[in-house]
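Report on the structure given below.
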Amino acid sequence: MHTSLVRLSIDVASPDTLIRMKFAYGMSYHAYRMFLHDGDPVVAVALVTLWAYDYIITLDEELPFITRSTWRVVKYLYLVCRYVPFLYLAVVSSRSLESHPSLSMCQTMYSLNSYLGMLIIVSAESIFFVRTYIIWDRSKRILWAFIISIMFLLTPIVGILVKYNSSIIGKGSSYSVNYLVNIRASSVTNWIGPGILGCSKTGETSAVLYVYVLMVIAELEILCLTLYRAIVNYRRERGANVLRVLVQHNIFYFGCGVASSVVLIVVIATFPASYSDLVSSVQITVHAALVTRMHRALWGYNEDYAHADEFSLTTFSAPPPLRTVQSAVGYVSSAATF
């Protein structure tokens, strides 16, 4: 028995056996990566189809909103959330469908994806920052709380993204004979396996986790402020239909945002980078669709049902009146045209 164990250990430790084991491991690993990568084109095409379909079926709402609504800050943020996803999804599709990409192209695509995605998310969150500010009757304390929060949250997020994208460019590696070492050392490659080209992520830095953790903190802050305001004033302002819609939109959006961000954090921490990239693309697209639909719905609701004596669309440009329930209701309608 002892002799057989010694012989087995010698056989396992022999160079030929180790080479075969390394080759088998490498082939199984690349087969696994190819399986993950095959989902990229499917998800990319599905997201492009979903976004194009959503745009076409809501074009009858889009045109009146663009031509008749007032040009203010939130409208520009809306346009970012509405039209930048076309560019974002074009980059995602190009990266996923390109069969012979160069390494520099893959690095540029992933870097551009992160910046465009963050621009969309920040614009969407900013719209609801403004909505919460309106719900709080344009309170100066809430405004300063938002400004301080943005400074403490957005500054590290931008810094992390810049550092992350520079690490992507610095760590990229093309195909090499010693592919197992390169896979683990690189973040972005232009190959999936031996002889198979395609953009692929092989590692996810922990810094990306911090970005989504900070996003969850910001979303929870706005959600708590919205819930508090709803609990305090909802019973007293039952007639304020626009306020009710505004609160419902905020709660639904940030509930979805917190849930999706938590899921993405778990995926980044426990699954390969390909999964986190897919989930992130879906999250950004769905967030953009939600915020644009909700903003058009609020504007349309205000146009159809608001009364001149209760909900004036020009209220926001007027000097702030006394802090009364009625004035708060008047300000809420301004969220549609802020």
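Backbone N, Cα and C define each Cβ position, glycine as well.
TrEMBL entries are annotated by machine, without manual review.
The domain 'DUF6533' feature in TrEMBL is assigned to 43-87. As annotated by TrEMBL, transmembrane segment applies to 76-94, 115-136, 142-162, 209-231, 251-271.
With Cβ pairs under 8 Å as the measure, the transmembrane segment (115-136) is packed most heavily against 209-231, out of 142-162, 209-231, 251-271.
If you look at the transmembrane segment (76-94), the same-chain residues 6 or more away from its ends with a CB under 8 A from one of its CBs are 44-45, 47-48, 51, 62, 109, 112-113, 116-117, 119-120, 123-124, 126-127, 130, 281, 284-285, 288, 291-292, 295.
In the domain 'DUF6533' (43-87), the DSSP tally of helix, strand and coil residues is 40 helix, 0 strand, 5 coil.
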